[in-house]
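Attaching a single structure in structure tokens format; questions to follow.
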Amino acid sequence: MIGLLLVLHGSKIKEWQEIVINYAEELKRHFPLVEYGFIEINEPKIDEAAKKLVERGADTIVVVPLLFAAGMHFKRDIPNQLKETSNKAKIIIAEPIGFDKRIVDILKEKAEKALSVEGTSYQ
């Protein structure tokens, strides 16, 4: 069975956890096993979330980093934190978000909304 593991940096700001919980809930419509883990600061850590997926029956875990680029967290920290779990399940790490034109639309929408709140429009 396939498990989906959302991975993000972590933050002392509570909203980070709320955001990933919302993404996880939406993704449960497409994947039966979804967990999330943080690289640092917050709980659960990546390895704990991966172990939970294995306990729930995952034999393959697709790790989806909520990161924009393949920096040290992507290249070093995520694989290192999943070493133990890789003996129990196949680990597939998806690419970071990177550049995606769909995100350009979201950024444009956010900018337009900010301008409208100020009572200004760029058009």
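Including glycine, each Cβ sits where the backbone N, Cα and C put it.
Annotations for this protein, taken from Swiss-Prot, read as follows:
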ACT_SITE  His9  active site, proton acceptor
BINDING   His9, His73  Co(2+) binding site
BINDING   Glu43, Phe68, Ala69, Ala70, Gly71, Met72, His73  substrate binding site
Which residues does Ala69 (substrate binding site) neighbour through Cβ under 8 Å, counting only same-chain ones at least six apart?
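Ala69 (substrate binding site) has long-range Cβ partners Pro96, Gly98.
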Please give the greatest C-alpha separation between any two of the substrate-binding residues Glu43, Phe68, Ala69, Ala70, Gly71, Met72, His73, in angstrom, as a whole number.
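Roughly 22 Å, rounded to the nearest whole number.
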To the nearest whole angstrom, what is the C-alpha distance linking Gly71 (substrate binding site) and the residue listed as 'active site, proton acceptor'?
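Between the Cα atoms of Gly71 (substrate binding site) and the residue listed as 'active site, proton acceptor', the distance comes to 11 Å.
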Can you tell which of the recorded positions (His9, His73) has the fewest other C-beta atoms within 10 angstroms of its C-beta?
His9
With every protein chain in view, what's the tally of Cβ atoms within 10 Å of the Cβ of Glu43 (substrate binding site), excluding that atom itself?
10
Near the residue listed as 'active site, proton acceptor', which of the binding-site residues Glu43, Phe68, Ala70, Met72 can be found within 10 Å, Cα to Cα?
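Those close enough: none at all.
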What's the most sparsely packed of the binding-site residues Ala70, Met72, counting other C-beta atoms within 10 A?
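Looking at the binding-site residues Ala70, Met72, the Cβ with the fewest others within 10 Å is that of Met72.
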Taking 10 A as the limit, how many CB atoms besides its own sit near the CB of Gly71 (substrate binding site)?
11
Inside 10 Å of the Cβ of Phe68 (substrate binding site), count up the other Cβ atoms and send me the figure.
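Its Cβ has 13 other Cβ atoms within 10 Å.
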